[in-house]
């Protein structure tokens, strides 16, 4: 603890120091001081001193100004300011060490955001030096710290490159889990061809300092060791680090070929085992007659095994199967050690992918210029002035809200210059009373206000395309009343109204005569319910009868035009209730043989039918497509959903197949699965061609119980991997003198209000009572989750900053 004068006079050239300027009695400073104190020992290991500078009351210099006190810490090298940090970025020992080293190792660790930046660095290193490429989901984590500590040691030997952009991982040639940190060693020093990328070797273990050190030691070892002594006496870095050593037995006549074989195997086993070239002259003759490969394990008590193998794949399989067992045992031992060292560290796992994605991108400023921010004072005038006002109600601290805000910005770009549409936002954290008056009971919520008329709530997917389509479709009356046959024909072709042509896929045209007023009224009410989700037109002029005869229909009738009039279908309206009409229109929006994607899966799951799904690695063949289409059309549509999934377009399908089978089957593969009854998974015989008759015969066997399921899915609920925070319990623990007796039993949680969804039945939305609202906030649901972080922050500010 020093005064400002003492601190600045003590600074030494080239020596780094972290300084925190504080006024005595500064409110809120204590939690940060505790975190800094915990990190002093770790920072001293790297020659970085930690200083608390006490500012006199009268001192108003730059660092002692009150607006800087408590909120910032400063990193100096000598008397030069390197970086200033907001104190909330230094939330634990890991984040402090990681961020400080990151700032000091500016030249040793390059940060990249794009693939082009990474390739430029890689090209510059080819033939000169190797590169260590690390991906961490977020900065300030334990993995980020481990990479920085490794860079401190090895930064002069290898070029370190860091990113938090998950998109850069796709260039690694596999399908990584972007929620986990990754490290790859890029062998650029060996690369001679500038057009070819550097070879990469992924570190398969968790990103810890010890594992990184081990990986770099292995990468620095010779690719192939030539042995000229008794193999029992050979010791390499691989054996010292607990990995096996493979000997390829060689002789003078085949030396060059054996060397190439050894190098090929060594690249395949890099990081998993060492490879040595052993001269046969040094091995007993009896062994030579029956072996071409030898395997030495790190356990000195186990003798060397001499084997005869057919090809290099057998060598690789032999090592990988052995090392798999050892690795599991080693990880279990490490996990037990970690349990002792860490205080319930699994709570630092980020189990919410949306939160993780938003946290990763938090340093990017959102371009909000095209979206008008509304307040209690400006809201009502804005809604009245514009003919159509779209309002996003969100909370600035809530991850889903921030993710949707990104989509909303893209919508604003798409609709830039569109007349009569105003895109705006209300931060309910700042204006809670306004959101309460507008009946906003969950975040985020989007409403469209028509000038002086009703408001409409959006209940679809949060993607840019879906939001844009809803806003544009809701601009036109639903149903749209058509005055002439020419308008009706143009509507069916997708030409009228012209502004909707990019957004409509299936158009519905109701044709009514004067005698069918009941059906017409039901159709109009269905249009009000489905507004924004579908284009509906209505023709009921005097010549409606003649118009309907052209399509071999009699009023009341419904004409469906798919893909701009390329396909036309007519339906006689026998059911005249509003709900029946809404359900029928929604069913007709579904494809006969759909391609399942992340976006449309909920619509088909809501049907609660079994799935007959064809998994394909790319597009499906013409024959399979034709046969599956016949199958979907021929069977009663209420029996099952015939569909297909393109693994290249929807890679999450590989995870689905892994849940169904122990090993991935060859593709294409046809699967029957009933998620809503038993969860049994059946695989269509791969030796049979996929034809309508073969599949129907197979389905009959399933129905008769003659087929054995490949697997049965678990009936367990899909719950978060970690329990939700019980903030009331935290407060009770922190302040036992003020016990809270308002906790609710989970069984007593009131039923949540149903909202209209694009694929389900419509339910009436009622204004919740004050009592229901109170219970809703207290319940363990996620409607208003996140409102309590400020309460818990006082209790957990040091250790739990990352999740809060």
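Cβ atoms are placed via backbone N, Cα and C, with glycine included.
Looking at 300-325, 326-351, 352-377, 378-403, the range annotated in TrEMBL as region 'Disordered' turns out to be 326-351. Residues of the domain 'TXNDC16 second thioredoxin-like' (102-222) grouped by DSSP class, helix first, strand second and coil last, total 46 helix, 23 strand, 52 coil. With DSSP states grouped into helix (H, G, I), strand (E, B) and coil, the domain 'Thioredoxin' (371-471) comes out at 37 helix, 24 strand, 40 coil.
Each residue of the domain 'TXNDC16 N-terminal' (1-101) gets a DSSP state, and the totals for helix, strand and coil are 38 helix, 28 strand, 35 coil. For the domain 'TXNDC16 third thioredoxin-like' (223-314), the DSSP-based tally of helix, strand and coil residues reads 34 helix, 22 strand, 36 coil.
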